[in-house]
Amino acid sequence: MGSNRPLMDQLFESDILLTSRQMKAIVLAEAEKKSARRRRVKRKVITGGVYRWPAAPIPYSFREPEKKWRVLIQEGLKLWKERLVCVFERTDQAKIGSNSSKAGCYSSVGRTGGNQKISIGLGCEDKGIVSHEVGHSLGFWHEQSRPDRDKYIHLDDQYIAGGTEGNFAKRSDLEIDGMGLPYDLGSVMHYGPNAFTTDWDHITIEVPTYDWPENWSSFIDVKQINRLYCHQTCAGTPVKCENGGYANPNDCMQCNYLYYQPHFLFRQMSTWSRSPSCNLVQPSETICGGDLQASGVWQHLTHKGKRKCIWRIKADSRARIRFILDSVNYKCDSTCKSFVEIKHNSDFQQIGFRACCEEKNLEVLSEQDEIIVIASTDAEHTTDGAFTLRYIKDSGTSLPRPPLPAWIPGRENRAFRGVQGSGGVIEKFILNAIPRVRDPDKPVESVFSILTDYFASSILGTQRDH
């Protein structure tokens, strides 16, 4: 974030304000990684410090009197509040305070104790940025640090600004906890395509066959927050949710789904779909979209308009669907606020193939026997969006569905480095290594990186197995 450059030497990964305990835990983890014999480090105390908020609305307040900032912050909060049981509550007894400082947009990660601040300063005037910083305050780290990220993104190193490479460090499976959910290109916690670029005309994060999604809380983001804060609410209820859905903590007999439910398709102006059970249709206004059947003959799907429309295209069991996107005509921008999206992979929780700029004869083969097509036009855009799609049943057999990552309820209660404790520590992804810095313009960081092992053993008072 360009507005944070004056604060870069005080922030971790460009917008995270660490507590001293979190810094110590990160340094300690770096020492563990560099240990030649991988000796175990014993801790005298748990060095975590990223804590879960109480299971109640989180009180917040404004420290900025100007209406424009209050409206902006409310819009960013709304992206979480309208989808979460664990909502924020405005009060004079605030635990989180938001303000518009002269510069900088940053937050602590999780609850650090007492009142804490989310800074939304000049250069951060975007509801997506507000939502991102709120995500940090809830306990989220950055998405692109996951070890499986190379399956989804490619870093173009030649355009990453010198001295900022550490912001793109990838972590190991031993260092993160994805809470049993897949990589999320649509996460509000994911860096954008131009992050830390030396030239705004060139991107640093490439997403093969995708245009970049809008920057606000995704279905997976909200599902993770519900797992962190609300999974006990519906424990033991009989409702079983399929295709990535989860029990709605507001009404445990309902399932929350993204776009559609198994056995039926919602056709309504809403991304977040709910029904009393997993096989009954909730009455809703039919607008556009529908169920389509792929056959051995090419068929066309053409759409033009401003409404959000959803189609499900099915093939015979165990067959696959080949589709060709002949044309796309939406407002072309880097975040694709208006788009056509095609969910063609095995896990519909993840963002699908998304396009808003002109595409011609782009051909893709689905992984399973169905695809979901979503047309969405942002309210700010005045012109109709349009696309033309061809589809046909392919003779190929559906790919085996990959197993979902394991999730053990309560595992997120562990401390920052995974030590068991009762503090209720949370993380979305645990980042445990400060990148090695060798930048002559940043002598403090360079010295700190060189002396990491010394700090870990001498300052933190650690003991090693012999």
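Each residue, glycine too, has its Cβ placed from N, Cα and C.
For Glu133, the entry in TrEMBL reads active site. What TrEMBL lists as Zn(2+) binding site is His132, His136, His142. Annotated domain 'Peptidase M12A' per TrEMBL: 44-231, in sequence order.
Geometry remark: His142 (Zn(2+) binding site) versus Glu133 (active site), CA distance 11 Å. Here the recorded positions are His132, Glu133, His136, His142, and the one with the most other Cβ atoms within 10 Å of its Cβ is His132. In the predicted model, the domain 'Peptidase M12A' (44-231) has a mean pLDDT of 74.
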